[in-house]
Amino acid sequence: MVTDWSYWAVQTLNGLQLSMLLFLLSVGLTVIFGLLHFVNLAHGALYGLGAYIGISAAAATGSYWAGFAAAPIVVALTGMLLYLGLMKRMRQAGPMNQVLVTLGLIFVFVDVFRLIWGDLAIGTAAPAIFSGRSDVFGVVYPTYRLFIIALGAIVMAALALVLSRTQLGAMIRAGVDNDQMAACLGVNVERIFFIVFCVGCALAGLAGAVAVPVFSAHPDMGTEILISTLIVVVVGGMGSLRGAVAGSFLVGFAQTFGAVLVPEVASLLIYALLAGVLVFRPTGLFPARA
Amino acid sequence: MFRQSLLKTIVILALLGGGVVYTFFTGYFGKELVIEAATLAILAISLDMVAGYGGMISLCHGAIFGIGAYTFAALTVLFGVHPLLAFAAAIVATALFGAVVGAITSRTHGIFFIMATLAFGQMAYVTIFESRTLGGDDGLAGVPRLDLSAIGIDLMNSTNFALFAIAALALVYVIAAFVLRSGFGRTLVGIHVNEARMKAVGLTVWHYKAAAFGISGALAGLGGAIAAQQTMFVSPELLVWMVSGTVLMVVIFGGIGTLVGPAVGAVVWVFLKHEISSITVHWHMIAGAVLIITIVAGGRGLYGQIEYMIENRRAKQKQPDETNVSPLAQERETHA
């Protein structure tokens, strides 16, 4: 089995799928880190919220796509409220206070999930057109997982395009590089911050809704994926799209292939990766600011 | 800088004395709460040493606490080591773990430091979780308590064990205060305030960081070994990163950088949790809200706010005297 190439092809697709999910989550977080210097531990909880909104919207309308559309919008709105109510005033408070306030938010979110959706894991079915299996280069693979990979690739390409080719992208890059200088040159840095924050939240919500048919939702799901997401962000280097891409692939493939090749130490692998990167390159592989 | 002020002495003595009195008048469950509060206070004080004074916000202190508990449990249960020896070994093991983490992470700052400590804590958690020898997911049961019958104390009696935990808390506080008051402690605060300047003065900064983390780790490990004896059972849940997060919450709630505050925070936390849990299952939501309010209100915490108000008033009372100082001296002061 191990020498069979289709086995490795399936593992590669699994790795890709996990990487894409991590990318959707971490890209918002990394740009929020880089641009706002804000440590948002509640990002994982927003992913959980996206999953639950996706389930509820799908259950109410009977269509998966309602959840797919509703989750990013509702999560972005929630993020907006959090930003205006709490995070804006924490901007200058230093990383420790931000870590703590958003840690407090995690506790609140997890209990809100319990209160509304209960303790048990719930899920929703994949949409009908993606529910079967597909043949990719002679390998049979669930179509829905291919959809996740494709969605991740599309978002990745769109973000790369926006960041490198549009004026908004140029303003974001300027803000990450030197926010004070950007402000002096007439860029409304506050508004850019706000837009980026909302888009980051929307992507986290989208990731949640997309993950549900594969992983099903439970109250602690956000807390569990948070660590992997943070590792992606720190390993990749804060604030850069390239870092988020590299980090997602590194962590996604380390987790997938670690479990296959070295099951004894698989779960240690990503932490060792994080520790190693922090020791030898304390600012990550591709930091936005040298 | 740390100063053992009169207020600190009064509050910590009141806390310890109150604990002793409460232990004698409460039932079995109350004593369990006293022990839980004492071990949490030990952990919170050890974290405040590095976080409040050294500026090293650790997200692995829960894991260090767990390593202390596991070292004690594994040595006694699996290898039949004498509990007293295992107790010492637990402290040594956590001191070493702390020192190694402190040394490796000494170059990182801010969020990177937090993430690095998180990584090491999670490594310890995963290692224990996956270790079949250590019971994996199921943990280890049948952990013995220290045998102090030689000096006529039976720790299987819950009153005695509660008093033992309070005594340990007192010892930990004294050690922490002693360390922070020494030249070493002053240097640690100096590194926190201005690391570049301390380097320029000729200090090998990482030595101090590693040593501080080692001492803090030893204290946390001591707390962990006591916690293992209280429940006579250890499970990997002790090491999960949310425990470290909770301890950080306790430190903030009581007052970071005050040493007494975290102990006050731990006691209030444990009893509040017990009271609120008897009314609603949503203790975490309330805890989260309390934390957010504490930070937004200025982040001084329960004890920290009181200390700040008292010292502020004292400073105001002193002001009339200071106006008598010659204008030159005043000017020199403002320029300093």
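In case you wondered, yes, glycine gets a Cβ from its N, Cα and C as well.
Taken straight from TrEMBL:
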TRANSMEM  B:7-27  transmembrane segment
TRANSMEM  B:33-51  transmembrane segment
TRANSMEM  B:58-79  transmembrane segment
TRANSMEM  B:85-104  transmembrane segment
TRANSMEM  B:111-129  transmembrane segment
TRANSMEM  B:161-184  transmembrane segment
TRANSMEM  B:205-226  transmembrane segment
TRANSMEM  B:238-271  transmembrane segment
TRANSMEM  B:283-303  transmembrane segment
REGION    B:317-336  region 'Disordered'
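For the transmembrane segment (B:283-303), the residues of the chain that approach it from at least six positions outside its boundaries are 11, 246, 249, 251-256, 258, 260-261, 264-265, 268-269, 273, 276-277, judged by C-beta separation under 8 angstroms. Residues 19, 22-23, 26, 57-58, 61-62, 64-65, 102, 158, 161-162, 165-166, 168-169, 172-173, 176, 179-180, 212-213, 215-217, 219-220, 222-224, 226-227, 230, 247-248, 250-251, 254, 256-259, 261-263, 265-267, 269-271, 274 of the same chain lie 6 or more positions beyond the ends of the transmembrane segment (B:33-51) yet place their CB under 8 Å from a CB of it. By the Cβ criterion (distance under 8 Å, sequence gap of 6 or more), the transmembrane segment (B:58-79) is not counted as touching the transmembrane segment (B:161-184), fewer than 3 such pairs being found.
Stretch with the largest number of CB pairs closer than 8 A to the transmembrane segment (B:111-129), among B:7-27, B:161-184, B:205-226, B:238-271: B:238-271. Remote same-chain residues near the transmembrane segment (B:7-27) are listed as 33-34, 37-38, 159, 162-163, 166, 169-170, 173, 258-260, 263-264, 267, 303, 306-307, 310 (criterion: CB distance under 8 Å, separation of at least six residues from the stretch ends).
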